[in-house]
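J.: Pasting in a structure now, in C-alpha cells, and then I'll have a few things to ask.
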C-alpha cells in the first residue's frame, strides 16, 4: 500500500480498500447499513466471534450449573489467567504479568494501593492535567486514604497548548518528592502517544515507580513492556479490543514486583490450589492473578475470548500499519476538503506520536457531532470543543473515510449543524 501521495478521489479510496490485507476482518463485525461507525475508540463494535463466546458461556451455565467453574469449553475458574496469554503479545509482556480483572478505575485503585508508599519527602503522585477524570478521582481518593491532602500531594503536569504534553515537562516534574507516577499511554482527547520507554527510564533513574493507563493504546499500538520495564499498567477492553460495554478490564504488574503483597486483596487473590482451603491467612498467587479481588464477572469477560482470537490472527503490527495509513489518509482529506471550515487539527501529525483516532477542534463541535449522526456518521464529542474520529483498522474502510469527510463538508457548507443545540448529550 503506497505511503504517499494520497489522492482525494473516490476511486483512490476504492483501490485502497482492494489493497487492504485486513479487509476480510470487516465481515467479522456487525455493521449497520447506511451507518459509518467512527467511534471505536470509545466503544468497539460487536464481532460475531465475541457474540459466539458470550453465548457459549451462557450455555455453559445452562448445561453445567456450578460445575461450569471447572467444566465446559471455557472453565470459569481459570478464565482470567488463560486470557492473559492472548493479551501478552499486545503489550509485549509475559502472560503471568497480566490479569483480566476489575475495571480501569478499580484497577487504578489496586495498583496505587499497592505501589503508593509515601515516606519521608517522597509523598507525592505525579499525573497530568489532560488525563481522563476518573484517573484523577482515583488518585485523589488514594491520597486521602493515606491521610494526606490531594491539593498538596497530587502534582499535575501542565500542557503548553491545551492538547498535548511535553515529555521534557514530565521529566522535569520527576522531583525528589515524587513517590509514584501514573500517565496515559495515549491522551484520550488529542490521541498523543507518550514515549513510555523514555519516561520509564527517566522515572527509574530517580527511583520512582511508573505506570500507564492503556485505555486508548491497547489494541491500537504495539507496546514492549518487557523491554521498557514499566512497573504497572491498567486498561479497559471495550474500546479497540471490542469486548463490549462494561467488559472486564486488564491489569499488568512487572514480574519484579511479584513478591509485593497487593494493596487490595480478596479471595480471588489466592493461589488456585489454596483458595478453597478457606484459610484466614491469604496465600497469594505468585503472579498477576494476586491482583484480583472478588469473583470474576464471567459474562463480562466472555466476549473478550472471541475478540482476542481476531487480534491473534490480524496481528498488532499489521493493525498499526493500517491505522497509521488510514488516519494519514483522513488527515489528507480533511486538509483538502475542510481548510476553510474553521477546523483545527488537534492530534499530532507525526506517526510515532499519533494514536488510533483523529481529533478535530471547532467552536460548534457539539452540534456538528449531532449533524454527523443525523447523516449516518457516528463520531465522538469531547468537551469543550473536540470531535474524535476513529477509523478502526479491523472494520473501517477507506471508502467510509472518504464518505465521512464528504458528509462533514456538506454539513459545514450547508450549515446543517445549526439545526442542533451546541451542547453535549447526557452521554457525549
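Note: Cβ is positioned from N, Cα and C throughout, glycine not excepted.
For reference, Swiss-Prot lists these features for the protein:
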type: BINDING; residues: 104, 105, 132, 133, 134, 135, 213, 216, 238, 267, 295; note: pyridoxal 5'-phosphate binding site
type: MOD_RES; residues: 239; note: N6-(pyridoxal phosphate)lysine
J.: Relative to the Cβ position of residue 295 (pyridoxal 5'-phosphate binding site), how many further Cβ atoms are located within 10 Å?
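T.: Taking every protein chain into account, the count is 12.
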J.: In whole Å, how far does the CA atom of residue 213 (pyridoxal 5'-phosphate binding site) lie from that of residue 239 (N6-(pyridoxal phosphate)lysine)?
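T.: With distance taken Cα to Cα, residue 239 (N6-(pyridoxal phosphate)lysine) is 13 Å from residue 213 (pyridoxal 5'-phosphate binding site).
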J.: Using the residues the record lists for pyridoxal 5'-phosphate (104, 105, 132, 133, 134, 135, 213, 216, 238, 267, 295), what whole-number Å value is the largest Cα to Cα distance?
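T.: Binding-site diameter by Cα atoms for pyridoxal 5'-phosphate: 30 Å.
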J.: In the structure shown, with every protein chain counted, which of the binding-site residues 132, 238 has the densest set of Cβ atoms within 10 angstroms of its Cβ?
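T.: Ranked by Cβ atoms within 10 Å, first place goes to 238.
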J.: Compute the C-alpha separation of residue 239 (N6-(pyridoxal phosphate)lysine) from residue 295 (pyridoxal 5'-phosphate binding site), stating it in Å without decimals.
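T.: Rounded to the nearest whole number, the Cα-Cα distance is 23 Å.
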J.: For the binding-site residues 104, 134, which Cβ has the most other Cβ atoms within 10 Å, all shown protein chains included?
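T.: Top count of Cβ atoms within 10 Å goes to 104.
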